[in-house]
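Following: one structure in C-alpha cells, then a few remarks.
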Amino acid sequence: MRVTTASYRQSDTRTFTLVVVGLGIGKQRQAEKHFIVPFSQLQVSIRLITSKGGKIKAVIPYSEATPATTSNVPSASVTTPVNQSAPPAKSGHADVPVNLYKPKEPFIGTVLENYSLLAPGAIGRVNHIIFDLSGGNLRYVEGQSIGIIPDGTDASGKPHKLRLYSIASTRHGDDLKDNTISLCVRQLQYEKDGETINGVCSTFLCDIKPGAKVKITGPVGKEMLLPADETANVIMLATGTGIAPMRTYLRRMFEPGERAKNPEYQFRGKAWLFMGAPTTANLLYDDDFNRYQSGFPDNFRYTKAISREQTNPSGGRMYIQDRVTEYAQEIFRMIEDPKTHVYMCGLRGMEPGIDKAMTEAAAAKGLDWSELRPQLKKAERWHVETY
C-alpha cells in the first residue's frame with residue numbers, strides 16, 4: 001500500500017523524524033511518539049502537532065534515527081500516531097484485471113448452482129449463485145465486482161441496463177478450479193401504490209435455473225482490494241449482502257484449500273468481521289465464519305449485531321454501529337497501526353451510523369474523526385462500497 005503524503009519537492013527529498021510528547025489523553029500524553037515527515041511538510045507538521053497540544057522534543061534526520069523507533073504517518077496532517085515498528089502495507093495491485101468484458105460484448109456465463117443462503121424463518125430472499133466461466137478470459141481478484149445484464153427489455157422496449165454486484169468468491173472460485181465466479185444476491189422488493197415491486201436484475205438472478213446463460217461484464221473496481229501484505233490487519237464492517245467481498249477476503253485468508261493454493265499468501269495478521277443482520281436466520285455464511293474463528297482464534301474475530309434479537313446498552317436494537325461503539329478502544333488501537341485497513345460494505349444507510357460511532361470513538365481518544373478519516377482514505381486504508 002502506498003503511503004500518501006503531500007508531494008515531495010523535486011529539489012529536496014530529505015525526511016525527518018519528529019519526536020513528540022503530549023498527544024492523546026491520559027497516560028498516552030506522556031508517551032513519546034515518533035513521526036516520519038518529508039522536508040517539504042516539516043513546518044506544517046510541526047504546527048499541526050503543537051496545535052493539538054503536542055510538544056516537539058527533537059527533529060532528527062531520518063537517516064540518523066533508529067529504525068526500530070520510527071514510523072510513517074499517512075499524511076502530514078498528523079492526528080494520531082501509528083505503530084512505531086510496522087511499515088505500511090503494500091498494495092501490490094499493479095496487475096488487477098479491469099473491464100475485460102464490456103456491455104456491447106459481454107461474456108456469456110452458465111449458471112452452475114443457485115441456492116438460498118437463508119435459514120428457516122429468515123426475512124427476505126438471498127441466494128448464492130455460481131457461474132461457469134469456462135471458454136473465456138474473465139479473470140478477477142478479491143474485492144472486485146461484475147456487471148449482470150438481465151434478459152428481457154424495459155418499459156421502453158430497450159434492453160435492460162447492467163447492474164453491478166460484488167463478487168463473493170475468491171479468484172480461484174468456490175471449487176478452487178479457477179473457472180467459476182459467485183454472487184450473493186438479495187431480491188429487491190419495495191411497495192409502490194399498494195403494489196409489491198420486484199427488482200429487475202435481483203429477481204432475474206434469484207429465479208435463474210442451472211444451465212441458463214447470463215451476460216456478464218467486468219470485472220471492475222479497485223476500491224475494495226486486499227493489501228498484499230500477509231501481516232496486514234483487516235477490519236470488516238458488513239450488513240446483508242455487503243458480506244460478499246468480506247467472504248472473499250476470509251476464504252483467501254483462512255479456507256484450507258485456498259491456503260494450499262496460495263503459498264505466496266499465508267495470512268498472519270488480524271482480521272475482525274463485524275456482521276449486521278436482522279435475525280440469526282439472516283446471517284450469511286455464518287457456519288464458515290464460525291469455523292474460521294475456531295480454526296484461527298489468534299487471527300480471526302467474528303462479532304455479530306442482530307438487530308431484532310439483541311439490544312444495545314440503551315435498550316434499543318443492536319446495530320453494527322453499536323458494536324463499533326462497544327469495541328471503539330480496540331478498533332482505534334488497531335487503526336493506529338499503519339498496517340490496518342478498514343472495509344465497509346452494505347446498504348448506504350449504514351454509513352451515517354458508522355460515521356457517528358467512529359466520531360464518538362475518536363473523540364474519546366482526543367481525536368477528530370473528520371480529519372482522521374480523509375487521512376485513512378488517502379493512505380488507501382479506508383475502503384467503502386455501499387449501494
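Using N, Cα and C of the backbone, Cβ positions are placed for all residues, glycine too.
According to TrEMBL, the domain 'CpcD-like' annotation covers 13-62. Taken from TrEMBL, the feature region 'Disordered' applies to 67-93. Taken from TrEMBL, the feature compositional bias 'Polar residues' covers 67-86. Marked as domain 'FAD-binding FR-type' by TrEMBL: 104-226. Per TrEMBL, the feature NADP(+) binding site maps to SER166, ARG186, THR241, SER307, ARG308, GLY346, LEU347, GLU385.
The most densely surrounded of the binding-site residues ARG186, ARG308, judged by C-beta neighbours within 10 angstroms, is ARG186. Put simply, the two farthest-apart Cα atoms among SER166, ARG186, THR241, SER307, ARG308, GLY346, LEU347, GLU385, the recorded binders of NADP(+), are 26 Å from each other. There are 14 other CB atoms within 10 A of the CB of LEU347 (NADP(+) binding site), with all protein chains counted. Using a 10 Å Cβ-Cβ cutoff, SER307 (NADP(+) binding site) registers 19 neighbours.
Each of the binding-site residues SER166, THR241, GLY346, GLU385 was scored by the number of other CB atoms within 10 A of its CB, and the lowest score belongs to GLU385.
On the 0 to 100 pLDDT scale, the model's mean across the domain 'CpcD-like' (13-62) is 68. Sorting the domain 'FAD-binding FR-type' (104-226) by DSSP state (H, G, I as helix; E, B as strand; all else coil) yields 8 helix, 53 strand, 62 coil.
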